[in-house]
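Going by TrEMBL, these are the annotated features:
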| type | residues | note |
| --- | --- | --- |
| DOMAIN | 92-258 | domain 'O-acyltransferase WSD1-like N-terminal' |
| TRANSMEM | 196-214 | transmembrane segment |
| DOMAIN | 327-406 | domain 'O-acyltransferase WSD1 C-terminal' |
| TRANSMEM | 327-344 | transmembrane segment |
| TRANSMEM | 364-381 | transmembrane segment |
Amino acid sequence: MTYGEEEPVSPMARVFQSPGIDLCAVTIMGFKTKINPDVVLDALKQNVSKHPRFSSILSDNGAKWIETEVSVEDHVIVPYIDAEEIGEGGQSFIDDYMSRLTMIPLDRSRPLWDIHILNVKTSEAEAVGFIRSHHSLGDGMSLISLMLACTHKTSDPDMFSNAIPSMKRRATMSHSLKTKGWFLRSIFTIGSTMRLLWNTTIDMLLLLATVLFLKDTKTPLKAGADVRSNPKRFYHRIISLDDIKLIKNAMNMTINDVLFGITQASLSHYLNRQYGTKKEEDGALTSYRNNLPDGIRFRVACTVNLRSDIGFKPLADMMVKDSKCRWGNYFSFIFLPFTIGLQTDPLVYLKMSKSMMARKKHSYHAALVYFIIKIVLKVFGAKVKKLTFVCKFMDNIILTHSLILSFIGGSRII
């Protein structure tokens, strides 16, 4: 194996490849036809060297990317599959394979990615492909942009796919208010600024309280201290985006507002059933429909995109130095307080979600969290043994919060 140029590893990339965290991203894709491994290998041989992260390995101390030659055959795995043995259980086989895959570490002597080809029929696809890449290579926005760059239009094979258009952030001031006089616009600006500072202050105080002592209520969904070492089980379900958009337009919400409202309602009913089952096991039968304890603190940590240009961009644009939509790990966390309770009107969950998300969007909390982590790593760097501070912070997020979720479409608020 030959080595070439070296490039420093970004602060967030160092966080993700530290021993205390060591995260991978697993992408699953369904195909309408069986996958020909030779076609995949030929495409990789022509293109993988064009991307520096996928043709580099980490130095021994994890501080630099070292360019190297890539043997793509070592990165493409096609396991033997007995179709008769699987039968109609293709989906269950896929879920089992993904669960086992997450327990196998990537080989650090090679570039930190691999592709798994499974010609297994499921209810939605004729074949399935897994792309496993270390999180130090890039976040969800980066990886999806890379995958889009590797696809072409069926109507014109010479053209790259642009199936997902770029997006703009929503304006904080409505169009009708912009047409009003300067006095009303000034009042709105002052009020909006004061609310922004207030929300940011409250969010940072809650973050400090979480680091020091504040934890979620112990529920059947709350992870224990050994969550990292426990085997993981993964499932995936496909829902209709058209149905989500119908609710979104009717309620004047965003897609993520709807999804979080649905999640909040689903978790409330799930926990109610779990507590009801526990009461029956303890012999405390009750005729009340609501089995939930009072005052459940249930918070969700959500990843959000910090790029000034949102949406999926061409890969070439992301690789340009100082790009506003640059490649890498440019995301942070916001913390959402879920209201766990039973509502007679399901629209209440959506209204609560819309109000909660509107408040969180009007805060600099996510940017400040990223800024603090970046400053700590730049100031102390290798002096922080195994990035202890950041690792403890990430562990604190996992252990003190009930769930960690990602926004639809690569961790952006839409």
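Cβ coordinates come from backbone N, Cα and C, glycine included.
Model, not experiment: these values are computed from the prediction.
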* Residues of the same chain, at least six outside the transmembrane segment (196-214), with any C-beta under 8 angstroms of its C-beta? -> 334-335, 359-360, 362-365, 368-369, 393, 396, 400-401
* Sequence-remote partners of the transmembrane segment (327-344) [C-beta within less than 8 Å, at least six residues beyond its ends] -> 10, 12-13, 16, 53, 135-136, 138-142, 145, 203, 206-207, 210, 260, 263-265, 267-269, 271-272, 289-290, 292, 296-307, 315, 318-319, 352, 356-357, 360, 363, 365-367, 369-370, 397, 401-402, 411
* Could you give the mean pLDDT over the domain 'O-acyltransferase WSD1 C-terminal' (327-406), rounded to a whole number? -> 82
